[in-house]
Amino acid sequence: MWEHIKKKIKYMFDEESKEIPSSKERSYSLGEQNTVQTRVTYQYPNDRNVEIPMKARAPKMEISRPQQSLQRRKRERLEEKSEQTSDQRERVPFKPTDVPSPVYGFKNRPSKESLDIPAFIRKENDINHKVEEQDLSFISKHEEVDYEENPPVSNYIDNEVETVDLHERNDPFVQEDSIDEEKYKPVIEPEINVTDNSIDVPEAKADQLNEPIIDSDPIVLKEQVRESRQTPFNVMMTPRDKKRHLTKSMTEEKVVKEDTITTTNKVHQGPPIHLLNDRVEKSTEDSTWVEEQIQLLQTTLKHFHVRAKVVNAMQGPAVTRFEIQPEPGVKVSKIKNLSDDIKLNLAARDIRMEAPIPGKNAIGIEVPNPKPQPVVLQELFETDSFKNDPSPLSVALGLDIAGRPIITDLKKMPHGLIAGATGSGKSVCINTILISMLYKANHEDVRFLLIDPKMVELAPYNELPHLVSPVITDVKAATSALKWAVNEMEDRYEKFVHEGVRDIDRYNNKIMSQNRTSEKLPYLVIIIDELADLMMASPQDVEDAICRIAQKARACGIHLLLATQRPSVDVITGLIKANIPTRIAFSVSSQVDSRTMLDNSGAEKLLGKGDMLFVENGAGKAVRIQGAFVSDEEISRVTAFIKKSSPPNYLFEQEQLLRQLNMDEEEDELYVEAVEFVVQNNGASTSLLQRRLKIGYNRAARLIDTMEMNGIISEQKGSKPRDVLISDQDLESLFSDKYLS
C-alpha cells in the first residue's frame, strides 16, 4: 500500500519538472521585412516506457438501444424495398391527362372531318358507343362480383395462413424479421391438381381448410392495384407512345370514314320483280316433233348419199339445232350445198346452217320451232347470272339456242350497233336494255341521253330521274346534244388528269375514299333510236361526234348505242363501223345488209320477232339469241314506280339547245365587237361600222338592225347618228353570261 502511494507521488513530481515552457522572443527592427513562417511543434515523451496512471476502471454498462436500431433497420429496409419496387414496376404506356378546355371543358373537341359527317350519323355512333361502354362496365362489374363471391382455393389457403399469423403481424419486431426471411426464401406454391371438378390439396393445407374462416384483410388483385395507381400529371411522351397514339387516331378516323362510305354507298334496291309479266310454262309437246325431224334429216342425208348421222338435238325457245357429225372423208361443203334440199324435206320456213360449230366436230342445222315460246324479262332477272353481276350496266338480252341466259355488260361492249328491218324487234331490244339498267342501277350511278327522231318509241321514259335531258326528238337538237356529250367527255378526262387516274372506276373509288360524294361521276349511256334521220340532216357533224365518242369515251364512262333500220354504207360508214365493235343484227332484207352489219351473211335468214345474231367485242363468231319481249304495260309500270322515287334532274332541255342553235346561226361573229364599239363611241351608223370593222354595207346594216331589235340603239333619225341606249355597266351585265365568260 505504501509503495503504491510513493510511486504515485513520485510520478506527480516528475510530470511537473517536465512541463517547463520554453518561450523564445525575437525582436524585429522597423527596417526589416517580416516574413511569416509556419512552424509546427511536436512534443514526444523522452522516456519510451511511459507509465500510465492506474485508474480505477468502472464496470462496463451494457447500453441497449433496441428501439433506435430497429427503427434504423426498418427505415433502411423500407428504402431498399421502395427501390426494388421502383425497379420492378412495369412500364405503363403514356396516357395524356385530361386538361379542361376553356370552350369545350372535358368534352371531346370536334375535328374538322367529324363536322363533315352528317349529324344523324354522329348521333347514332355516339349512342352505340355509350351502349357498348355500359355493356362493358356491366360485364366487368359482374365479373368482379363473381370473383369476390367465388374466390379460388389458393385465396382461401392464404386467408387461413394469414389468420394464424395475425398476432405476428401486429408485432413490429417479428414483422421486420419476417421481411428478411421472405426476401431470401424461395416461393413454394401449393400443388393443386384439378381433375373432373375435384380439387386435390396437400395434407398440410387440407386441415386448414376445415377450420372456420376468419375474415382478414380483403384480397386485392394486382390488376386492380395497378389500375388504382394514379398516372403522373406531366410525363414525357416517348416516340413509341406517340406512334401508338397516332395509329389509334388514324384507325378511328378510318372507321368513321368507312361508316360514312357504307351509309352513302347503299345497295340499290330496284323496282320489284312483280311489276313484270310472269313467265310462260314450257310445253312438252315438241319432243315428238324433234324426234320426227331427226328421222327426216337422217333419211334426207341417206338419199343424197352423205355419210353422216345426227348426234344431238338442242331445242331453244324459237329454234332447234340439230348437230350432224359427218364420217371421215366427207366434205363440209357437200352438206352445205344441200341446204335447200334439207329445207324442202323438213318443210321448214327457213333453215340456217353453221358449219362447223365452234368447238365441236359437228355441223349445226337450225330449224324453226312450230310454236315458238316467248322469253320474258322476269325469267332473265331471276337467274343467278343477272342477280350476282355487280356491274350497274348489266343487260339481259335473251336466251340462246340451249336455253341459257345471255347477260352482257356495257363496260365490255363498250359501244353497240343495232340494225334490223321494221318489225324485227330492234326497238324492243332497246327497251330491254333500258329496263335492265333501270332494275340494276340507281339514278346516281347511270344517266341516260335518249335521242328518238321517231318521237314515240322512247316517250314513256320522259321524266325519269336517270335522264340528262328530256327525250330529244329534234334532229338539230340531237346534233347539239352529241356535241355536248363530246364536251362532257373532254371535261371528264381533264378531271382524270387532275386526280391522276385512268378510268372512271378508279376516279370514283378515290373520290369515295376521300368522302367527296358530290364529285362522283355517273356512267352516261347515249341511245339513238334512228341513226339514218340524223345522218340525212347533218351527216358530217353527226359522224364526227359519234366517232369522237366511240374512240375515246370508253374510259370516262360514256357508252353509245346506235340503232338503225337501214344498215347501208351511207348510214353505217366505215369510220363508225370500225369504232363500234359490238353488233346486234336482227332480220334484214338482203345479204348485202348482213355483210355490211356483220361482215358475214346469215342475218337475212333470221325469223324476226326478236331473233338476233349477237357478235360480242372480241368474239369471232355470232351467237343466235331469242330476245326478251317487253310490253308497253310493263314499261309503264316500271317507269311509274321509278318516277315516284325521285324527281327528274335535267342538265339541259331541248328548247335550250334549239335556242342556242338559232342564236348561233342568226348572230354575226362581229356582233359583240360592234356593240362594244358603238357603246364606246356613244353613237352608231352604218358607215362608221363599215370603216371600223372593214365590212360591206349589207353586213353593217344587218348589225345595226340587230342592235335596234335588241334595244341597244335608238331608231333612225334621218341624217343624224343613232343614240346609244345602254351604258358600259349594262353592256357587261348583258354579255357577261354568254360572251365574256
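Even glycines carry a Cβ here, placed using N, Cα and C.
For 16-110, the entry in TrEMBL reads region 'Disordered'.
Taken from TrEMBL, the feature compositional bias 'Polar residues' applies to 30-46.
What TrEMBL records for 403-595 is domain 'FtsK'. Each residue in the domain 'FtsK' (403-595) has a pLDDT score, and their mean in this model is 89.
For the recorded site, G420 (ATP binding site), the DSSP three-state label reads coil. Note: G420 (ATP binding site) has non-local neighbours K426, Q565, A585, F586, S587, V588, M612, i.e. same-chain residues 6+ apart with C-beta under 8 A of its own C-beta. For G420, A421, T422, G423, S424, G425, K426, S427, the entry in TrEMBL reads ATP binding site.
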Three-state secondary structure, which DSSP defines for G425 (ATP binding site):
coil
Just name the most isolated of the binding-site residues T422, S424, S427, going by other Cβ atoms within 10 Å of its Cβ.
T422
For G425 (ATP binding site), nearby residues of its own chain (Cβ under 8 Å, 6 or more apart in sequence):
F586, G608, K609, G610, D611, M612, G627
Number of Cβ atoms other than its own within 10 Å, given for G423 (ATP binding site):
13
Which entry in the list of binding-site residues, A421, K426, has its Cβ near the fewest other Cβ atoms, using 10 Å as the limit?
A421
Relative to the mean position of the Cβ atoms of G420, A421, T422, G423, S424, G425, K426, S427, the recorded ATP site, which additional same-chain residues have Cβ within 8 Å?
Q565, F586, S587, G608
